[in-house]
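*Asks:* One structure, pasted below without further comment.
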Amino acid sequence: MIITIGGLPGTGTTTISKLLSEKYGLSHVCAGFIFRDMAKENNMTLQEFSNYAEKNSGVDNEIDRRQVEAAKSGNLILEGRLAGWILKKNDMVPDLSIWLKADPMVRCKRISEREHENVDLALEKMLLREASEKKRYKEIYNIEIDDLSIYDLVIESSKWGATGVFNIIEKAIK
């Protein structure tokens, strides 16, 4: 079974991916973790590697390659904003493709708590990051991140919370 889970920062993708991984005994592969690993492999901080990635599309291509390679083995949760799109562009069809969404202020509060940051600073950083990623995804992949047409399930996580979202996905799997 292959499940993709995407969503903007603060929607709960990592929380839900971990819960599903534990429940169904699936590997959890996260594009963000791949990015962090690549930063370490290149002896760079996350910020240095982020700056490098903005100027070098090869970074995105390598993240994509690693995601596709992991998906070939099956039995995994593939988490990342573009996970569903990457598989689609590689003619791979997941068993279930999920997009989590949440109100921007809910996401901002979640991020500020997770990162131990002031809410205003977290909001500013979140909006800058999202604008940058939206532009990059359009330029590199010709993907509109707001196009949710490829997803089997779109869930409002600020309405349901982690347990509610998990229960909805469980019903979809059955």
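Just so you know, glycine gets a Cβ as well, placed from its N, Cα and C.
Straight from Swiss-Prot, here's the annotation block:
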{"type": "BINDING", "residues": "GLY7, LEU8, PRO9, GLY10, THR11, GLY12, THR13, THR14, THR15", "note": "ATP binding site"}
*Asks:* In DSSP terms, helix, strand or coil for PRO9 (ATP binding site)?
*Replies:* coil
*Asks:* What is the total of other Cβ atoms whose distance to the Cβ of THR15 (ATP binding site) is within 10 Å?
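*Replies:* I get 16 for this one.
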*Asks:* Applying a 10 Å Cβ distance cut-off over all chains shown, what neighbour count does THR13 (ATP binding site) have?
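*Replies:* Summing over all protein chains shown, THR13 (ATP binding site) has 27 other Cβ atoms within 10 Å.
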*Asks:* Within 8 Å of the Cβ centre of GLY7, LEU8, PRO9, GLY10, THR11, GLY12, THR13, THR14, THR15, which other residues of the chain have their Cβ, at the recorded ATP site?
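*Replies:* Once GLY7, LEU8, PRO9, GLY10, THR11, GLY12, THR13, THR14, THR15 are set aside, the remaining close residues are ILE16, LEU100, ALA102, ARG107, ARG110, SER157.
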*Asks:* Helix, strand or coil: which one is THR15 (ATP binding site) in, per DSSP?
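*Replies:* Reduced to three states, the DSSP call for THR15 (ATP binding site) is helix.
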